[in-house]
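Shown next, in structure tokens, is the structure this report addresses.
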Amino acid sequence: MGAGCSSSSSFSLSLPNHHCFSSTLHHPKSTSTFILSTHTYSQFHKSSSKFSINSPPNCGSGSIPEIKTTQQKSFVKNPMSDPHTIDSELLQKLVYDALVWSSLHGLVVGDRNVQRSGSIPGVGLVHAPIALLPYSFPESHWKQACELAPIFNELVDRVSLDGKFLQDTLSRTKKVDAFTSRLLDIHSRMLQIGKKEDIRLGLHRSDYMLDENTNLLLQIELNTISCSFSGLSCLVSELHRSLLSQYKEHLGVDFRRIPKNNSANKFAEVLAKAWMEYNNPSAVVMVVVQPEERNIAIRKTLAEIDAQGKTLSDGTLVVDGETVAVIYFRAGYAPNDYPSESEWKARLLMEKSVAIKCPSISYHLTGTKKVQQELAKPNVLERFLDNKDDIAKLRACFAGLWSLDDSNAVKNAIEQPGAFVMKPQREGGGNNIYGDEVKETLLRLQKEGSEEEAAYILMQRIFPKDFPTLLVREGIYYKEQAISELGIFSAYLRNKEKVIVSDQCGYLMRTKVSSSNEGGVAAGFAVLDSLYLT
């Protein structure tokens with residue numbers, strides 16, 4: 001089935017890039033069942049230091065016995081040693097056991113090299129790209145990231161309610177970015193008709209890197225739509241806990257230093273709570289997907305929603321005869337998701353309805369890069385938050401962010417392009433501009449004198465410390481120097497004035513070779529990892 005995190009469930013929901021949720025909907029009159037399949041990746045970074053596992057070594061069991069109290073002191077907080085020095089025979093066993101565990105526990109993805117993968121359940125699956133051992137990470141910074149999650153939840157909700165702020169902030173971007181313009185048009189129509197979202201649902205992920213020079217945990221971006229990997233990330237954490245427990249005597253570390261990761265179940269619980277807030281036992285949760293999606297679920301493409309959907313006089317959304325309680329957007333975050341007017345009509349139809357959107361158009365816009373840059377300006381957070389301590393905590397994690405109408409920032413970026421990243425208003429990997437291309441792009445924009453600059457922001461480039469690791473893809477392990485990025489999942493559910501949920505919901509660790517600028521797992525640049533707290 002894909003990436004489930006528990007052995008049984010009656011609610012397993014399809015979500016982006018291996019989201020899988022397991023929970024049970026307890027309603028006196030109805031139980032809705034959804035099923036997850038998978039999605040795959042492009043070819044992994046090629047390396048000369050790679051080894052193939054062709055035959056099974058002599059392996060131990062995959063169980064996780066508890067370490068006795070008398071042994072505990074020997075393993076507490078030891079950092080992970082250099083995995084490149086692990087004995088080759090032991091390494092073969094570790095990799096083999098990791099592949100077996102992945103196969104048995106659903107840490108797998110569809111293999112696009114297999115023609116029937118995705119269309120026939122169980123056909124053409126391969127283990128997800130993973131780091132063999134977890135990444136050592138300071139516990140103090142882990143706690144900081146977790147503590148920020150509910151504050152960012154509140155910030156997103158407050159910003160989403162300020163329609164004028166969103167429209168004003170993105171007004172220049174609208175002139176040069178057709179995609180953002182269409183989103184703003186929908187948002188503007190909702191403002192004009194006085195549309196209010198009484199029940200507001202957000203499943204978010206805030207991404208961070210630990211800067212080596214300053215030792216500061218700095219935010220890369222805040223994702224409010226299609227936040228990926230809640231399903232597989234929890235499985236990677238359990239894989240690493242299993243390996244560290246099984247080989248504790250050889251590795252000299254304590255598997256309990258890996259934080260438990262319940263991201264899939266927690267997201268599922270919040271979706272179930274939103275469904276119950278809608279208070280219609282016959283209504284369904286609908287996942288908006290891209291065409292040729294490999295997920296198996298109650299799901300619809302935007303074009304199908306346009307063809308099959310309608311709203312009733314009371315705002316109820318009906319698609320293909322089913323009343324929709326909750327809409328989860330797996331698609332709709334990129335221009336390619338809207339190849340025709342049909343998809344835009346579907347997005348507007350859903351936004352006008354009383355169905356609970358995850359995200360609503362205002363939550364979607366709140367997650368744009370331009371809004372992130374605006375919120376980092378002096379005195380802007382005070383417009384939305386009252387608690388001074390919370391504001392200080394947010395500011396402490398903000399990296400440098402500048403508009404391209406800031407002449408000093410542009411001048412500095414041209415002179416030192418390696419210290420900056422140019423970001424467009426896009427989600428997903430592969431969109432950012434790095435290095436000399438930053439200088440070239442800025443000089444071109446200056447020469448042309450166009451307003452295209454409003455489509456971008458400048459961000460301080462974060463330089464995390466690299467470390468030796470072992471990356472595993474398609475049964476082959478690679479010895480690499482790598483860097484990592486931490487994503488903290490969070491969930492927010494509110495019904496009018498009542499906040500029902502505002503929690504941290506687990507984490508995603510992505511590790512990539514240090515020579516790579518981009519970091520998307522789905523794009524083939526990175527692997528899934530977990531944390532070892534030190």
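From the backbone N, Cα and C atoms, a Cβ is placed for every residue, glycine too.
Curation plays no part in TrEMBL annotations; they are all automatic predictions.
What TrEMBL says about this one:
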type	residues	note
BINDING	R205, R510	substrate binding site
BINDING	E221, K369, 423-432, Y434, 459-462, E485, K512, E518	ATP binding site
BINDING	E221, N223, E427	Mg(2+) binding site
DOMAIN	298-365	domain 'Glutathione synthase substrate-binding'
Integer Å distance between the CA atoms belonging to N223 (Mg(2+) binding site) and K512 (ATP binding site): 20
Fewest other C-beta atoms within 10 angstroms, as judged across R461, K512, which are the binding-site residues: R461
Count of other CB atoms lying within 10 Å of the CB belonging to E427 (ATP binding site): 19
Confidence summary (mean pLDDT) of the domain 'Glutathione synthase substrate-binding' (298-365): 96
Cα distance (Å, whole number) from R510 (substrate binding site) to R461 (ATP binding site): 17
Euclidean distance between Cα atoms of Y434 (ATP binding site) and R205 (substrate binding site), Å: 23
P424 (ATP binding site): tally of other CB atoms within 10 A of its CB: 17
Per-state residue totals over the domain 'Glutathione synthase substrate-binding' (298-365) - DSSP helix, strand, coil: 27 helix, 20 strand, 21 coil
